[in-house]
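**Q** Supplied in structure tokens, the structure appears directly below.
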């Protein structure tokens, strides 16, 4: 497709800025491949030798979650559906709180590399294998979307070669992951967060100048009904309301922050538990900054195109291309700045893909290779980790080709996380919060949760919800100086949101479609998690879940929360304890605290359980 010529186009400087970003990322990988004696053991490669501090890890957590899907998808989302998306700020707070206070203490104490190791410790090897396989499938699918999204949008608006961009991204990522391991991933992320903020800032500043100040943008948005923050409709079928975002969003993102290997692997690589928690809380600030930027970009988009929507008037073919279109429109006189924005979108991609590749390598080595080949030395495991990084890099590039058939990106990405992440979150919650859960219950719960999630998720892709469920706001084209056949005011409410290749058209709507498949996509993971928890508990009770002998280190204890305040009491003791995660006689591992804990989680009112 040809580049629309009424906006700017890419010049040499834009390519220079973009190539510079790729080169610096690659250079960081080369540096960590040799710095400090290189990657001696698989622990060094996968966990950064457990020596990271809070700030780089926090920035890295922010970066990997802020993919190009966020940079391109969120502004377009706000442009079409309004600023209710910003309610996610509250969601992020809950997510970080739950991750730091429920999941982190248990994972950190056990000193594990792969989160799925926990499943074997708590349940058995088979459950661990299920978790691992689900994770690998989910991550490869998601990474494909993340590589393909920005390439498509850029190709469309700037004429940047589509598959050239996909392969370049994949190759650079694989390169620095393979050479530098987790340290390279974290430090390239830190650099990429800088680029992302710079890219957003350039767009926001220029848009504010072009539109005549922040107040203009806000009043335009208000007149267009874009400042719809408060929609307290409790109906779970509405795509975004206050409740779907707070409840559904919290479950969806906790699957990423609480139990997803790519995120957990990073905060476990911190040098002590205090730094690990701190990294999550600092990352919260990062999430808020990026969310604010992307929501404001969406409002600026609306302010700029309120009379002439480029999507309805066919200047761009997908909603995801609005953001690059705006950039070339307002920044055409500043050579190099559009390149900075493209680098910003790509930094999002690189950081997400690199953490996925590193996490996939970690899971494969820890869960699939190490248990079966006990004789391998650390050096050879380190080599295998690097080989795995190359393999997964290639697989993700392949998945990008599949993603090209998927349709509306933001939703597809989140649906995958919801469908697979929900049951996994339920599985880990069973282990950490329910003392009487056993492996039979865990497996039954996982199966049930997964079946229900897939049913609703695939149904929603095939029979997308009606417009009155998604509530797109009207977009106008009366200000465009083009002749349109038919009327010149088109409201795009008729356009279905999902443009998936698998959609089934003109079919009689049944009650199942209008109610069950129309469920807000944010609730997919909520359903998966709750079904897994419920079935897991019900099956565990009759199958001997109460008679098992559990190590209290595998559960969340009251002491875990109280130890937050140890920082103020005796600093040395805390650091001391944390350097020996396996110490049997530390206060936290003391079974004396156990009966209190069991009493509060075992709703049957009897104190039966572990050590009593």
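Cβ atoms are placed via backbone N, Cα and C, with glycine included.
Unlike curated records, TrEMBL annotations are generated automatically.
As the structure is a computational prediction, the values presented were derived from the model and not from experiment.
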**Q** Check each of the ranges 211-233, 280-302 against TrEMBL and return the one annotated as transmembrane segment.
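**A** It is 280-302 that TrEMBL annotates as transmembrane segment.
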**Q** With the ranges 340-369, 490-519 to choose from, which does TrEMBL describe as transmembrane segment?
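**A** Of the candidate stretches, TrEMBL labels 340-369 as transmembrane segment.
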**Q** Below 8 Å between Cβ atoms, which of the listed ranges 12-34, 54-72, 162-182, 240-259, 521-541 makes the most pairs with the transmembrane segment (280-302)?
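**A** Most Cβ pairs under 8 Å with the transmembrane segment (280-302) come from 54-72.
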**Q** At least three Cβ pairs under 8 Å linking the transmembrane segment (12-34) and the transmembrane segment (189-209), pairs spaced 6 or more in sequence?
**A** yes
**Q** Under 8 Å, at least three CB pairs between the transmembrane segment (54-72) and the transmembrane segment (340-369) (pairs 6 or more apart)?
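**A** Counting Cβ pairs under 8 Å, at least 3, so yes.
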**Q** By a Cβ-Cβ criterion of under 8 Å, what residues six or more beyond either terminus of the transmembrane segment (521-541) are in contact with it?
**A** 236, 239-240, 244-245, 247-249, 251-252, 255, 411, 414-415, 417-419, 421-423, 425-427, 429-430, 434, 436-438, 440-442, 444-446, 448-450, 452-453, 456-457, 460
**Q** Between the transmembrane segment (189-209) and the transmembrane segment (340-369), are there at least three Cβ pairs closer than 8 Å, leaving out pairs fewer than 6 positions apart?
**A** yes
